[in-house]
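A short write-up of the structure that comes next.
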């Protein structure tokens, strides 16, 4: 993800002499204290989100419908209350973002259609190889597949499937709300957009370590394999979190990251090993390479802020005195 780094990694200066003390950058707090408040607020949100999954005592596995329903209740409550954490952070730091709280968190109408479509299209391009693999391995042809996808009965079955609702709706919506929409506005004034893109996913990645508890409880594998799997999942979710954080900043919308998260949950991690042993290996690997190449080529054009209107986080940094944030142009 080289496109996310570079000059975006510089720290936001908080001691420019031309800025008045009451600047919107850090309010009434010094830079060090403001950053500690921001990091502590993000850590509190992450702990609250993961902790809410374990308030219900149960001996049942995580995929049991009863467990899923209880956890729906928990994470929906935590996610609904998470904007209050941002509101409290704003009061403690004295930062004035220049927009409403909901707008700052990506809930706005300006540019909503390109924000919903273009990031999803970009992500599907990245998954060109896995999509080709899925198509090759599917026993039905394209016309039959579309009939199944568009059939109301198929959607009715999905909406009554607790695991589908968790993976495609509740998890993407609540995780993006908490780990992107709430955390990025708190981290950006402290460290700048570039470092925030890479710091925010660390909370997201660590939050997925709770799966170790489930696997150890039910002895789903050896201890070594469980921790190896957890380390891999942390790496994968951290990279994915950086990508959706990048999308959130560049579009100023929450809907794009949510849809991309849902799509990636459906696709899973690309089955590269299976592709290497596939009967149609050469065209499939060419599809993988083409997808990655087109993704890198289109990453900047399809996330150009000019397509999405005024970006709330960029407005916040402009008020903080940083009018040249690289990710804002």
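Counting begins at 1 with the first residue displayed.
A Cβ is built for glycine as well, from the same backbone N, Cα and C atoms used for every other residue.
Here is what Swiss-Prot says about this protein:
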ACT_SITE  175  active site, proton donor/acceptor
ACT_SITE  208  active site, proton donor/acceptor
MOD_RES   2  N-acetylalanine
SITE      261  site 'Transition state stabilizer'
SITE      265  site 'Transition state stabilizer'
TRANSMEM  25-45  transmembrane segment
TRANSMEM  75-95  transmembrane segment
TRANSMEM  112-132  transmembrane segment
TRANSMEM  186-206  transmembrane segment
TRANSMEM  229-249  transmembrane segment
TRANSMEM  254-274  transmembrane segment
TRANSMEM  283-303  transmembrane segment
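Here the features listed in Swiss-Prot are painted onto the structure.
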residue : record                             : Cβ within 10 Å
175     : active site, proton donor/acceptor : 23
261     : site 'Transition state stabilizer' : 25
265     : site 'Transition state stabilizer' : 17
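Counting in whole angstrom, residue 175 (active site, proton donor/acceptor) lies 9 from residue 261 (site 'Transition state stabilizer') by their C-alpha atoms. Here the transmembrane segment (75-95) has Cβ contacts under 8 Å with residues 24-29, 34, 37-38, 41, 44-45, 48-49, 52-53, 101-102, 104-105, 170, 173-174, 177-178, 182, 185-186, 189, 316 of the same chain, all six or more residues outside its ends.
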